[in-house]
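*Asks:* Grabbed the feature section from TrEMBL, which reads as follows:
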ACT_SITE  GLU300  active site, proton donor/acceptor
ACT_SITE  GLU715  active site, proton donor/acceptor
DOMAIN    35-330  domain 'Peptidase M14'
DOMAIN    455-745  domain 'Peptidase M14'
DOMAIN    876-1165  domain 'Peptidase M14'
REGION    144-175  region 'Disordered'
REGION    411-449  region 'Disordered'
REGION    827-848  region 'Disordered'
REGION    1299-1318  region 'Disordered'
SIGNAL    1-24  signal peptide
TRANSMEM  1239-1263  transmembrane segment
Amino acid sequence: MLWIAIFQNLLILVASILSHYARASTEEAVETYDIYYNYNELTKRLQSLAQKYPHIANLSTVGQSVEGRQLWVMRITRDPDRKSLGKPKFKYVGNMHGDETVSRQVLVYLVEYLLTKYGEEERITELVNSTDIYIMPSMNPDGFEKSTEGDCSGDHGGRNNAKNKDLNRSFPDQFDKATVDPANIPEVMAVMRWIQEKKFVLSGNLHGGTVVASYPFDDSASHDQEGHYSPSADDGLFRHLALVYSQNHPVMKTGKPHCPDMPEETFKDGITNGAAWYDVPGGMQDYNYIHGNCLEITMELSCCKYPFASELQREWDLNKESLLAYIEQVHIGVRGYVKDAVSGAVPSNVSIVVAGVRHNLTTGEYGDYYRLLLPGTYNITAVVSEGKAKELNFTLTPVVSEAAGSSTTVATTSVQSISHPDSSTTSSSGSTQTPVVTSVSPTSHQLANQPQEFRHHNYADMELFLRKYSSEFPSITHLYSIGQSVEKRELYVMVISDNPVTHEHGEPEFKYVANMHGNEVVGRELMLNLIEYLCRNYGTDPEVTELVNNTRIHIMPSMNPDGYEVAEEGDTNGYKGRNNTNNFDLNRNFPDQFANITEPRQPETKAAMKWLKSIPFVLSANLHGGSLVVNYPFDDDKDGNSYYSKSPDDEVFQQVSRAYSQENPLMHQGHPCEDLYPNDYFKDGITNGAQWYSVPGGMQDWNYINTNCFEVTIELSCVKYPLAKDLPKYWDQNRRSLLQFIHQVHTGVKGTVSDMWDGRRIPNATISVEKINHKITTAQTGDYWRLLVPGTYAITASAHGYKPVTIYATVSKDRVEVVDFRLTSVRSEGNRHSSSGPRPTQNPSEKEFQSLIKELSVGQGLDELVKNTATESNFRYRPSKEMSAFLRGLTLNFPHITYLHSLGQSVEYRTIWALEISNKPGESEPSKPNIRFVAGIHGNAPVGTELLLEFAAFLCINYGKNPAITKLINETRIFIVPSVNPDGREQAVEKQCKSTQGLTNAHGKDLDTDFFGNASQRLVDPQPETRAMMNFIQSHRFTLSVALDGGALVATYPYDKPVQTVDNEGTLKYLATVYASNHPKMHLGNTECSNNGQSKSYDCNIPDGVMRAAERQSHLGSMKDFNMDFGHCPEITVYTGCCLFPPAEQLATLWTENKKSLLSMLVEIHKGVRGIVRDKSGKPIVGAIVILNGGVRLFTVEGGYFHALLAPGTHNIEAVAEGYQRQRQKVLIHNAKSCMNILFLPTAATMTALVVTACIIWCVCAAKSNRQKDGFHRLRQHRDDYDDEVRLTSMGSKKSLLAHEFQDESESDEETLYANKI
């Protein structure tokens, strides 16, 4: 009817208008540089930027003004939600005087500039990545609101805060002991707390009224009004910092601001000592310096305090370069860490003393310190209370840094001059040891925590050393033996990595092998030194931490322990102990490509060969003695002569060899042992092996020819067995070289070779590079690493049964290029053109995983898993801040399987976190199921939050230790959202079983009534917590969601809203039953809960402990219903106990009760039916609709994947895509066995066939192809009419492609989808 059509069109028009305004309200305003932001506008602007750039920006408040306005701070750095170990903290503070307004706007512009230019401009990207930047645009928002635009002299008020206090006269002062009532200066008190907490390194305080940079001190003991120069202990440094700002400011650097009220006032070079200008007691810059570790200067930006907005563009242009150049100064001087050399503990507040500078700093939370210094030579001492100091001497030299066209002088450090690393660590009686570790810029050669003992270790001593470090650092070490020597001594290898026991997909394997010749001992001792160095500096030294986290480092201190035992100290160039007990040279005992090695293979050689074949090593060095040079393949040639024998990767070998020699000055000069071998010369300290002398049967060539590993031989000392007293010098000469050589494993290309269609990784695939006749193969998990010098290459991956794929890649210096290959099976390509074909086969790893799922699903499988994975826990309720710290701790301790996502912020700006646990966190893997665990939607029921935090820790701790947990994590993407409503949680009270305090968010809204996907159902904007979760739900392809709540003991399934029928109810109920049946109490159905205010008396008799949610308490707008309707994901809600907020003592029991159930969900997620929708050519179809039992609809994602959980029984599955024939399958699912099924449809006359590849987990597949009804087709000439019908009938009685809530059972799917309009 006409009026219905009109009404429908009006609705469409209204929806369009609302959508337009919604978009307009969320679009970020374009900066015009010609308006001032009042408080509300400033707040929205900062919030908008923080939301747009969450990966580098985080907005928080440090406190409130007198009138309750927030003191906003924008933190800008990479990963802004994490603690920034190794990054100096910098801050700018603006608008301290409310009527001095240029700084307020300029700092907003700076925030925007840093965020928008990140990733585009190298300078900005480096600055943000390496610095922890905090920007407070307004410290006095109340004063700003009272100020008047155009007031240049401050006559109209607004300078002071709402209590009429000058904030820059209200800080504690060293010369003036007058105090201000803290109640009158909340802004100052908040900033003081902030300064003390953060330990900033450098700061700028931006003002207005003239144009000059002012530096401490701001006042003097005599408080002369002007003309009294009051220098600080760092006066020269402060002058330098002030000059950096002024000299990059076109007006300031002239020293003649020409301000109308004081036209004759000048400042030499645009800078001034504060007190010499005029006396300012109680100023913020002096407080920073004296009490806060922080050097701060004050910048006056404009003659007019509150110029008209039309001047803002000019002010930004004048100050932009100065603002950036000043931030860069935070990286001058020295930096490092302090920790106990024995225990590795980090002492707190250690004083960093610079001789001759009467101003000390203290170390931060992780023992880190940053000391800004000008170029020069310094003695730096670290002192712990009552301890003996350790002195370090530095020489700082100026370097020129080119940035944005300007030259800025900064400083880096050179070499430490202490004679012995442990010379000053012995404490007197009753004192505390104070060993110090210092490291400076990444390019510095400054020493970190050094080995404490240098001596020769015999076999028993070496064994104890290795066992000690393996025991002391179990999280990063793994000690194993590859075999035994002739005399049955173990051939020990120490692995150092963040996951030392097993190979991590994508992480390269590196090795050092030493003491192959028993009398060449320097390498043996260096390897023990290196083990100590890596272990003791992990977690504090950034370089060491990065190497250990990203490399699996294998160190074999002695390949010939028998020979070592007979060698003699002091042997310069002898042979005693060189060979093994059977008197064979192990470095002439390997199979050779040119020579026939007739000597019997020795046990040490056999063990090494087996070892090298079992681990996918990428790079290696064999450490010898007798010269100073890096020797690279080939070691011999077919003629046995001494001339250059080039390998196919000659350039790569030269590159990695120079990487070592360049860090050893004595080696690099090329004349290593002039007293012993005066004629030897090696250019750059490297040589081709055969060119030096021929070595048939060598280990390095065997590595290169028979494995993926590139190995060189490094001669470390002219003397083969030097005296023990000389060992420290060898460590000093080689420490940087040893580290730099490990870095080389992260060059070239790396990636994964996988199957195009099912995503499984292909082991033993071949990687070849055009014009380089040397191939490597992929490891068992399909990963590979291929070392290459910089250049552009054609790289080909091939495997048996697959079509080769070639990709062009450009390799750059000092970093690895990721090149992944997806190969197409030759057999499957042929099968896709036939109407039928063989069932897909499963690779061994997939079969093994399915066997695991079966084991965990039947009998006592889960019970055994629970029993075998007990962890010690200290349960307590964690407030929001502690919860955040706990989650960050997981990402720091388990970085390779965790990633912390910030979903958004609550009303009170607490972050809503989602922790991802996966073997490839942060990467999209459409073939894996995604499961979400969520809790805390009601803040007064925090048990679920604590259970999920413990669950996260449980999974991480057991990864790599328990095979079942490891496999589950490897095959699943797990997301844990512990608290949706952190504000409510802060309000809730422990031991309150029925209280509603904290149930809602800070706006008083029950978040579980706020999830509406249709605009027509929403009268107001969603709460920020709701919006964060809605975005999260819709942006990820979740297969299952499990929500934890409290106040009952029951598992509920959709829907919460009152509906008569529920599609797929059998499956939804089944999922809830799985959880309840694994709970010792819930499945009994007798909760024994007293009525907690609900309207129905269902509590005491719930069959199987499961019920439809609406039967418990029906309501609209629930997260569960939103998941179903808009996330296309089933969600069950589990109520973990009768008491909403039980005592913390009960948490351990609740964890025990729910642990098995939570694990059962990880198992259940791998059941049901999953597959790929493809067209006839094999191309995956994204966005195809998969219909379950004629009702529930899923959509295929990247790669054409879909995954549907189904209860045991018979199910109908259909696949529909525009322009394709419909495909149907009937499957019978039960827990008997698994199978896979491919169903091929014949091509229709005018249509392309649709192929659905279904991997049915836990099913017996009874595939029955139903004939399609004749005449089912869409008339393409009526395309416009069809589109109209879909849009309009979605509001009427016909079924919609997009929203099954409008279905009417009177018509079939076919009648709607293929309506034939005449």
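Glycine is no exception: its Cβ is also placed from the backbone N, Cα and C atoms.
Please situate the listed features within the shown structure.
*Replies:* Within its own chain, GLU300 (active site, proton donor/acceptor) has HIS207, GLY208, GLY209, THR210, VAL211, VAL212, ALA213, SER214 as residues 6 or more apart in sequence whose C-beta sits under 8 angstroms from its own.
Mean predicted confidence for the domain 'Peptidase M14' (876-1165): the pLDDT average there is 88.
Counting only same-chain residues 6+ beyond the ends of the region 'Disordered' (144-175), those with a CB under 8 A from a CB of the stretch are 36, 38-39, 65-67, 95-101, 104, 138, 184-185, 187-188, 192, 205, 207, 209, 217, 219-221, 223, 260-261, 280-284, 286-287, 290-291, 303-309.
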*Asks:* Could you tell me how many residues in the region 'Disordered' (144-175) are helical, how many are strand and how many are coil under DSSP?
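*Replies:* Helix/strand/coil tally for the region 'Disordered' (144-175): 6 helix, 0 strand, 26 coil.
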*Asks:* Would you mind listing, in sequence order, the residues at least six apart from GLU715 (active site, proton donor/acceptor) in the same chain with a Cβ closer than 8 Å to its Cβ?
*Replies:* HIS624, GLY625, GLY626, SER627, LEU628, VAL629, VAL630, ASN631, PRO672
